[in-house]
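Taken straight from Swiss-Prot:
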COMPBIAS  225-244  compositional bias 'Acidic residues'
MOD_RES   226  phosphoserine
MOD_RES   255  phosphoserine
MOD_RES   261  phosphoserine
MOD_RES   297  phosphothreonine
MOD_RES   301  phosphotyrosine
MOD_RES   305  phosphotyrosine
MOD_RES   307  phosphoserine
MOD_RES   435  N6-acetyllysine
MOD_RES   445  phosphoserine
MOD_RES   479  phosphothreonine
MOD_RES   481  N6-acetyllysine
MOD_RES   484  phosphotyrosine
MOD_RES   590  S-nitrosocysteine
MOD_RES   624  N6-acetyllysine
MOD_RES   669  phosphoserine
MOD_RES   718  phosphoserine
REGION    1-527  region 'Interaction with TP53'
REGION    1-214  region 'Interaction with BIRC2'
REGION    9-231  region 'Interaction with NR3C1'
REGION    215-552  region 'Interaction with AHSA1'
REGION    222-270  region 'Disordered'
REGION    264-608  region 'Interaction with NR3C1'
REGION    620-723  region 'Interaction with NR1D1'
REGION    695-724  region 'Disordered'
MOTIF     720-724  motif 'TPR repeat-binding'
């Protein structure tokens with residue numbers, strides 16, 4: 001609960017900062033940062049946002065601006081008081097806003113930003129996490145915020161960052177509407193009161209803000225007045241308080257006298273020095289997107305990108321274009337160098353593309369302007385055709401916006417293709433945003449082909465470099481009809497998988513897909529450049545064969561037919577069928593899935609979903625096929641034992657052990673890992689020559705049962721010793 005202190009009639013309430021905010025402020029105050037200047041960028045950016053909000057509200061209700069028509073930002077240094085003041089005529093804050101926004105409710109980015117800072121991130125990232133206001137404490141020992149919202153009285157917020165802040169009704173000079181932030185600067189930060197320094201920082205970070213930023217400075221100038229006026233002013237000056245700085249200082253700096261012989265004898269004049277307030281607009285640059293791209297330097301694009309996004313790094317690529325004809329709009333699109341920390345967070349406020357109508361800012365969170373998978377693109381769209389007072393509901397129905405969106409997507413894909421020609425930069429882009437491209441393939445059927453050309457993967461022949469599907473196709477053998485791929489958790493895991501043995505041995509290249517989103521991507525990407533994509537982990541893998549190989553395969557099928565039937569009987573519903581494999585070389589067996597079922601990797605991903613649909617799990621997971629390698633000695637010996645006695649318990653035990661091991665090596669998980677472990681331990685004992693009966697006699701009280709229950713529930717113990 002806030003403490004209340006009464007000063008006469010004035011009520012001051014004291015609140016404690018929310019714990020994470022207090023921690024952040026402590027970090028800002030007690031750590032040395034070299035680029036403290038970013039505080040000014042953050043405060044100007046906040047002022048600009050407040051102005052955007054009131055202007056947007058005024059589009060539907062012009063009376064909102066009755067409390068002040070002019071939308072502007074003023075910067076007022078006061079060296080005598082050691083204060084730097086920023087005033088905006090934005091929407092202002094109510095008392096509740098003031099308490100919530102400046103201290104008692106932590107933004108989602110507070111903790112994330114502190115973690116980033118402690119991991120070595122730059123302080124200038126603060127704006128991206130939504131806590132830019134607190135950067136004021138980089139230079140200020142005390143901050144006072146005076147604010148007036150149309151729906152509330154004028155209030156003052158004050159804090160010296162000691163873990164608490166105060167809020168009171170403010171009866172000082174009325175500000176009409178908006179917010180005034182007064183920074184009481186630290187003794188060593190007075191450089192931010194100098195004209196040169198303020199101009200430098202505003203030019204560097206905020207020259208493209210869409211509202212006039214005016215610097216108010218007290219300056220001196222010489223003024224020429226007649227001798228009589230000078231005497232009068234001098235007399236007045238002496239009568240008044242010497243410290244009054246509003247009146248001009250009078251200095252005799254020379255006089256002009258005319259010759260007495262002149263016809264019109266002029267009065268004597270004197271020059272005096274007077275103090276005045278100079279107003280200078282610091283951001284007269286017109287919106288960069290309205291200019292000709294040929295006249296804009298890369299540095300200007302970089303500065304605009306930083307002021308637009310609060311990023312501390314330059315952009316990776318830029319696309320500046322205009323569309324004319326039936327529809328007219330201009331756009332400026334940027335690709336950042338890195339993905340933001342909350343790129344795929346559902347609840348995050350989207351502010352990637354700012355929508356303007358005829359240079360008037362409308363909104364910065366327009367979902368209809370760009371598809372979800374391009375949510376990392378930053379920039380500006382300025383339409384000539386949309387109405388100024390357009391609402392969100394109207395935007396959803398707007399045909400104009402649909403055409404703009406289509407053009408933006410087209411230009412983004414052009415930009416990606418241009419970037420792909422620069423291998424180094426494309427590698428950075430792909431590391432940051434490959435998931436977005438794959439999400440696009442899943443969601444955007446219209447542009448699926450163009451997006452697929454941008455994909456890059458490691459393959460069995462690409463070494464450390466990634467390769468495109470186009471390059472893969474160019475290397476395909478004459479007899480090869482399909483693009484072979486495998487999905488899994490890591491490059492090492494899939495490269496050593498049993499599934500790729502035969503394919504690689506035959507000299508065919510295999511694409512390694514190791515991100516969870518690849519599973520969704522290939523479900524939609526059925527083919528590329530006329531070549532179908534075939535998973536080497538699914539049934540029906542057809543490799544080009546000559547007549548001799550076909551004949552050998554038919555012989556193997558006939559030879560192992562009885563073993564396949566027996567294994568199917570033993571495993572029953574665990575597998576759909578047991579067949580001879582054409583994909584194995586050194587492994588005895590593997591588990592493949594049906595053509596339309598999930599792969600082992602997809603099953604793992606789906607099991608990890610907290611909100612999964614169990615009804616889907618049932619029919620998508622069920623179809624497993626066991627493939628055995630007819631050339632492997634284990635399988636051949638098992639065939640001989642089965643033919644000698646198909647009721648041999650050891651055969652049953654071995655079949656299940658082979659199946660469970662194949663499940664693991666194929667990427668699946670076991671339903672009952674304990675029973676499998678016990679079987680393995682028993683084999684280890686046999687291998688070491690340990691007699692189970694002796695062990696059981698020595699440990700009569702052991703909690704573990706003396707014998708592992710046989711596989712089929714038979715009461716007789718399994719005779720695995722015979723196999724050993």
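Each Cβ is built from the backbone N, Cα and C atoms, and glycine gets one as well.
Known features from Swiss-Prot, placed on the structure.
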| residue | record | CB count, 10 Å |
| --- | --- | --- |
| 226 | phosphoserine | 13 |
| 297 | phosphothreonine | 8 |
| 301 | phosphotyrosine | 18 |
| 305 | phosphotyrosine | 23 |
| 307 | phosphoserine | 22 |
| 481 | N6-acetyllysine | 13 |
| 484 | phosphotyrosine | 23 |
| 590 | S-nitrosocysteine | 25 |
| 624 | N6-acetyllysine | 24 |
| 669 | phosphoserine | 11 |
Average model confidence [pLDDT] within the region 'Interaction with AHSA1' (215-552): 81
Rounded distance in angstrom between the Cα atoms of residue 297 (phosphothreonine) and residue 624 (N6-acetyllysine): 60
Rounded to the nearest Å - Cα separation of residue 435 (N6-acetyllysine) and residue 445 (phosphoserine): 16
Number of other Cβ atoms within 10 Å of the Cβ of residue 479 (phosphothreonine) across all protein chains: 12
Cα-Cα distance linking residue 445 (phosphoserine) and residue 305 (phosphotyrosine), given in Å to the nearest integer: 31
Neighbour tally for residue 445 (phosphoserine), based on other Cβ positions within 10 Å of its Cβ: 9
Distance from residue 624 (N6-acetyllysine) back to residue 301 (phosphotyrosine), taken between C-alpha atoms, in Å: 55
Secondary-structure category, per DSSP, in which residue 624 (N6-acetyllysine) falls: strand
Coarse DSSP state, helix versus strand versus coil, of residue 305 (phosphotyrosine): helix
